[in-house]
Amino acid sequence: MATLGVNIDHIANVRQARKTVEPDPVQFAFLAELGGADSITVHLREDRRHIQDRDLFLLKETIKTKLNLEMAATEEMLEIAKKILPDYVTLVPEKREEVTTEGGLDLKSNVQYLKKAVGNLQDSNIEVSAFIDPLGEQINYSKEIGFDFIELHTGKYAKLSGSDQYKELQRIIESTYLANDLGLVVNAGHGLNYNNVKKIASINNMNELNIGHSIVARALAIGLEKSVREMKSLITSN
């Protein structure tokens, strides 16, 4: 049965829109855990557009579940991760001009650098995941580089409908099975919401789904704890 990682970046987005102290994403992480979140996900971007360094340090000290740090594989971020020691790190591509992460890592073009970065984190007892598109080549490179996990990018699945969405779902399923055969743990995320999550959650051996925007959007109407509970129920009711 898949677990639920709640991404709280969008709480920090609201705070940073006014450069003030509220809403505090650390407080909302607590509410997400009350609602059933199995882990808390944050993306510390190089431009610090939402999550700040203080958020990371406080989350590490206060949350009761697990902390998943999304970050680019830069020297600065590697050093921060080794100071904070999150439960796991998810390496993601990052472009300053993007609104949100637009696609998976291109592992093929960065094999040697990523091997070094992954080994560096693992030497500090941090498990490492690669955020990748559901492609066999990327999964094989994930194994070669030495990642513990992969997170399959579900953004294309989320945007499609009908037979096109079904085809993308099959690609995600096949990617999950390939990764499992290689000994990789499989997570998934990006664009998942209350209408499309169940088919992804029902994939055999899907480990965790990382979801943020749809939960926070619904929380504006019904509150964060309840919105997390509803999503958790959809994931676990298969």
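Placed from the backbone N, Cα and C atoms, the Cβ positions cover glycine too.
Binding of 3-amino-2-oxopropyl phosphate is attributed by Swiss-Prot to Arg18, Gly191, Gly212, His213, and the same site annotation extends, among Asn7, Asn180, Asn204, to Asn7. For the recorded positions shown (Arg18, Arg45, His50, His190, His213), fewest C-beta neighbours within 10 angstroms: Arg18. Here is what falls inside 10 Å of the CA of Arg45 (1-deoxy-D-xylulose 5-phosphate binding site) among the recorded positions Asn7, Arg18, Glu70, Glu151, Gly212, His213: Glu70. Burial estimate for the binding-site residues (Gly191, Gly212): highest at Gly212, by number of other CB atoms within 10 Å.
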